[in-house]
Amino acid sequence: MTSTSTSTSTLRPGPQVSLWGEDGKSPYQRLSQRMLDVTGDRGVLKDVIREGAGELVAPDASVLDITLWGMELGLLSMRRGELARFLLSPRYAYGALGCPPLIPPEATVLFEIELLDFLDSAESDEFCALSAEQQDQFPLDKVLKVATTEREFGNYLFRQKRFYDAKARYKRALQLLHRRSGPPEERPLVEEARLLVLLNLSLTYLKLERPTAALRCGEQALRIDQRSAKALFRCGQACLFMAEYEKARDFLVRAQREQPCNHDINNELRKLACYYQDYAEREREMCYRMFASHNEDPVNGDN
């Protein structure tokens, strides 16, 4: 990912299309008269439906999943939780070509955008560029904040099924926390943050079909909290993936002891039982064939 900060947004159904006629009238003309001019040339107009809260999206943010220039400019004028309507002139939308067959040439389009959340990684990127010695000069709160941003960025990428990118963010968060050399009283907070990242990274490795790495992360999480049901579950999943059924059963049974009613754990145990039954039947069949073949060998010598 090349952006220094990223915003996520939800688009309501649309776009709705309106063509400006030669007489200058449009179905959106009345709406546009009470809208805020975002760009200064009335190319992007905004009407706030529901106010947001907090800071605006960072001015240097590059926005994922947004393809129109006008929509990106509009999004950068929003706050978390805000719902707004944007009217985009052709220059800021689809231009002279349109987007056939739905969007005709020189179309003015109307979108509604709801900004659910955004992550600004500029601060994180700047901190990660520092040397370990420079990072150690900052208080623990700063390190934890940056590591949390990296983890949340990884979570967003994971939800987008961009597992390799998510892995990179999680590993960067782990590196920051691993390099933290502070007084003993800081260790519980650092280990708590590491636990969350390790659990996410273990699941990501499972999605990437790398069970050995997933198991390694799960076992590291267990060294922090040996009763973590999620860590035990991840280790069990990894062992099941590698057909190490006894180890998988051990981890999953321990996870079930911690959370007896957990639906995912119980389902994984049922899956393990089916896999193990198939495995045992194949083993019995193999042994039967081996002994049958041995008994059918000709006997040398006289009776």
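Backbone N, Cα and C define each Cβ position, glycine as well.
Features as listed in TrEMBL:
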{"type": "COMPBIAS", "residues": "1-10", "note": "compositional bias 'Low complexity'"}
{"type": "REGION", "residues": "1-24", "note": "region 'Disordered'"}
{"type": "DOMAIN", "residues": "34-119", "note": "domain 'PPIase FKBP-type'"}
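Here the domain 'PPIase FKBP-type' (34-119) returns a mean pLDDT of 86 for the predicted model. With DSSP classes pooled into helix, strand and coil, the tally for the domain 'PPIase FKBP-type' (34-119) is 10 helix, 35 strand, 41 coil.
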